[in-house]
């Protein structure tokens, strides 16, 4: 995934996804007159992300306040979510539902620069099917927020928020899936740092649903989600 521009009305956009490929968009058309901060103000301070690659069949809906919903049946990749620009050190509380089949996640998702890092904190998933090798860094328990396994992966010459780059991906994957609860991002960031997995300056962080295509089986994903940040 890559950063997609905040839009007051959900638009259908084409880009390019790898993930596991993981989602990595090419920027689509933008509405230049408004700044991100102006658009965020109209969203009650939330940053709304709606990205999909060409060929995707995804409806990503921007609800009031911290809510969003998505319905999809797609061979292409997408990211639909809501969150914040800037500071990624947050205590995120959310509720909702997530029902999906095929490769995809319900996760905290974000990017940093210097270094350029794409990161995930997975609370639930329909299928883990990374298209690139994951290296396990071990497990840790984030207090009463659950136990997670940490992974690291490398994307080589792939799309990013800064164009085509080689960059690292950091992952925390909850060992017992859930939908709803609290995610304290600092617990994950601190644990990653113990394994040399350091972050840069945060660009944005969202609670999101993502789907993509398994590069080996060519299976896409389908499902629905309705999430509210509290």
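Placement of Cβ uses the backbone N, Cα and C atoms for every residue, glycine included.
Any TrEMBL annotation is an automated prediction that lacks curation.
Quick look at what TrEMBL annotates:
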- 118: active site, nucleophile (ACT_SITE)
- 210: active site, proton donor (ACT_SITE)
- 34-223: domain 'GH11' (DOMAIN)
- 1-23: signal peptide (SIGNAL)
Distance [Cα-Cα, Å, rounded] between the residue listed as 'active site, nucleophile' and residue 210 (active site, proton donor): 14
Fewest-neighbour residue among active-site residues, criterion Cβ within 10 Å, set 118, 210: 118
Per-region confidence, the domain 'GH11' (34-223) (mean pLDDT, whole number): 93
